[in-house]
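Comments concern the structure below.
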Amino acid sequence: MSATVLFGILCGVLTVTSASPDGYLKMFPSVQQSQYDPCYDEDRPRRCVPDFVNAAFGVPIVASSTCGLRGPVEVCDSPELLGPCHQCDDSVPRKRFPASALTDVNNSNNVTCWRSEPFPTPLGINEPPDNVSLTLSLGKKYELTYVSLTFCPGAVKPDSMAIYKSADFGKTWQPFQFYSSQCRRVYGRPNRATITKSNEQEARCTDAHRHMGESTGIQGSRIAFSTLEGRPSASDFDSSPVLQDWVTATDIRIVFHRLQMPQESIEDLLLLGSPQVPPSFRQYKNSLENDSSTIATSSPPTLTHHYAVSDFAVGGRCKCNGHGSKCVTGRDGELACDCKHNTAGRDCERCKPFHFDRPWGRANARESNECKATTDSVRKQLLTSIESSTLPFRITFLPVNPFHVLHRQITSQNSPQGAIFDAAGPSATRRGHSGFRLLQNCRNP
């Protein structure tokens, strides 16, 4: 890049950044009113956030198991409820139960379901888990309030399931919440542990989902995880970077580990006369008691189960750190904040160029933390930009009068004695001695 071009670019940058478009808008009050910006109260910056949305709506879900993909198969609802069976065949539209049903319109009058493949019911607690996963990629950082699953009518709530989150687009995963009737045995965590300020980013395990309403989805049962429930600093969320990080996610993954209790526990229920025993297993036990000849030849009926979910919802806001009121899709196809307050980045997580007079900060109800520009910050930014370039000479920054903006010494690789360049003229002029004066005459009129 020639010195003349470089000087022209730098002059242009300084001239543009010093101009304020607000002065022109003030001449037209009606225009200002029609362009209301929630990030400003008249001319004063204030915290602003995008609308609260179901971030999962319409977003594709990756399911590790879906019935019918390998050919027609029959999946049945809870056997103890004598629920109906469903013919699942992905090649037949009316017999499909795809993962796309999880994030479509949730209409109670027209319930759509995703169903997994059938799995053998475990015979003991040490049987391997099912590990059926549903993965949602949001495409950008969100601050989440809840994650919820609504199960298909007649389906059983899983006994053990886990929710994980990623804040780096699926590179790493962090536990978000665990559910199990046997937290310690399945997940190695205590049941309903108390969260303190010293462990506010710790995932809890609870069996509460087994006691909330019906254990089956006759009316479309639901499991909902509130990200801030039980977190001591939730009441002062704006002042808690720990919780702000805790609720931030780019991806959510649900992992179903076990649908029902092992068969050995079913036998215990049978001894107690519990009605929650599969009829086929009860008939098998009765046949053994009534006909001893079947003991050597008969085997327990093969029980299968599957997972069935009608809705996967994630409530939250696009993360803009209080510096943006909406997220838009850019030319690159990526979702990003429409940043205000002189901030930049997909999440408004930094100050934009030439606005480093104060450190970047998240906006809150008390302080907008708008990034501000000064001559000194311009000099620092230009230093970074020029020194990181591939120009064929070295530029050394020297203290100068702020009205001159820049005063630099250049040592050319081909001219060790250096050269002086004048940015005011149509071309750079070599004067044969060290020193470099730039933008001295590039002041605003």
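Placed from the backbone N, Cα and C atoms, the Cβ positions cover glycine too.
From a predicted model like this one, the values you see are computed outputs, not experimental measurements.
Record source TrEMBL places C320 in a disulfide bond whose other cysteine, from C327, C337, is C337. When the candidates C327, C339 are compared with TrEMBL, only one is recorded as disulfide-bonded to C348, and it is C339. Residue pair C320 (disulfide bond) / C339 (disulfide bond) shows a Cα separation of 7 Å.
With DSSP states grouped into helix (H, G, I), strand (E, B) and coil, the domain 'Laminin EGF-like' (318-373) comes out at 0 helix, 17 strand, 39 coil. Most Cβ neighbours within 10 Å, among the disulfide-bonded residues C320, C337, C339, C348: C320 holds that distinction in the structure as shown. The separation of C348 (disulfide bond) from C337 (disulfide bond), Cα to Cα, is 7 Å.
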